[in-house]
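Asks: My questions will all concern the structure given below.
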Amino acid sequence: MQALDFGHGPAFYFKSYLKAAYFNQVLPTSIGGDAFRVLEAGRLGRGNKEAFYGVLLDRVVGLVGLLVLNLIANLAYPGLLPRPVFLLINVIAVFGLAGVVTFAAAGRIRRLDRYLVLKHLHEFSARIRTLYKTRSAIAFHTALAVAIHFVLVLSVYFVGRGVGLAYDLPAFLVIVPPVFMLMVIPVSLAGWGVREGGFIGLFVLIGADKTQVLSMSLIYGLLGLVAALPGLFFFLAGRQHREKEHQRERRR
């Protein structure tokens with residue numbers, strides 16, 4: 001967001017991320033949390049449209065990191081999943097990455113901004129090219145996104161091992177990312193149910209016990225809820241601060 005001239009230091013965006021994480025836990029998928037981030041960043045002076053582009057760009061970069069991680073893991077361990085599932089995951093990853101690259105390049109076609117719908121896509125593409133002018137910027141943000149998702153997979157791995165799933169980390173690197181992608185679909189509250197179904201469906205393919213997989217998924221979900229509680233604290237604290245500011249203005 002700073003690269004897009006939104007200002008404020010890391011502390012502001014860290015708190016905003018935690019608050020959004022809380023709303024992601026109590027609202028369907030990540031749409032609620034992203035909407036909150038857009039509104040909060042929009043108050044910084046550049047408007048909600050630019051804030052929307054910034055948050056959407058953050059999501060796209062995160063998706064790229066997830067696809068790259070999954071593609072690398074899947075190609076490194078091709079015999080883990082059945083051949084049709086292996087190919088399907090690879091096709092989705094390759095087309096997803098190709099789609100992002102194509103979309104970013106499409107912003108160079110100036111004719112697209114003549115049409116209302118395509119104009120917004122053209123503007124967003126321009127923001128992508130503004131942020132990623134150099135290969136080093138692309139490599140750094142992609143590596144950071146991959147590292148973040150690797151840590152998330154690692155957390156699922158430790159929970160899984162804790163409930164008795166005797167599988168090494170590569171199995172989790174192959175199976176967990178596709179489930180994370182499924183959780184983006186807005187059909188449940190914070191991905192509950194979708195996550196459990198996805199984990200069970202894929203882990204069963206490699207011979208895992210359904211009860212253990214379900215336990216892992218539920219515990220991971222509860223840990224995510226606990227981890228999001230600081231966001232509720234920052235949200236309530238910020239709301240209380242704004243109320244005090246309004247009271248002071250009224251007294252004046």
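Cβ atoms are placed via backbone N, Cα and C, with glycine included.
Reproduced below are the annotations present in TrEMBL:
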{"type": "TRANSMEM", "residues": "51-73", "note": "transmembrane segment"}
{"type": "TRANSMEM", "residues": "85-106", "note": "transmembrane segment"}
{"type": "TRANSMEM", "residues": "137-159", "note": "transmembrane segment"}
{"type": "TRANSMEM", "residues": "165-185", "note": "transmembrane segment"}
{"type": "TRANSMEM", "residues": "214-238", "note": "transmembrane segment"}
Asks: For the transmembrane segment (51-73), which partner among 85-106, 137-159, 165-185, 214-238 gives the most CB pairs under 8 Å?
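Replies: The stretch with the most contacts is 137-159.
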Asks: Taking contact to mean three or more C-beta pairs under 8 angstroms, with sequence separation of 6 or more, is the transmembrane segment (214-238) in contact with the transmembrane segment (137-159)?
Replies: yes
Asks: Which residues of the chain, 6 or more past the ends of the transmembrane segment (165-185), have a CB below 8 A from one of its CBs?
Replies: 29-30, 63, 66-67, 69-70, 73-74, 76-77, 80-81, 89, 92, 149-150, 152-154, 156-157, 191, 194-195, 198-199, 202-203, 206, 208-209, 212-213, 216
Asks: What same-chain residues lie close to the transmembrane segment (85-106): Cβ under 8 Å, and 6 or more beyond its ends?
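Replies: For the transmembrane segment (85-106), the far contacts come to 60, 63-64, 67-68, 70-71, 74-75, 78, 112, 121-122, 125, 128-129, 132, 174, 178, 181, 202, 205.
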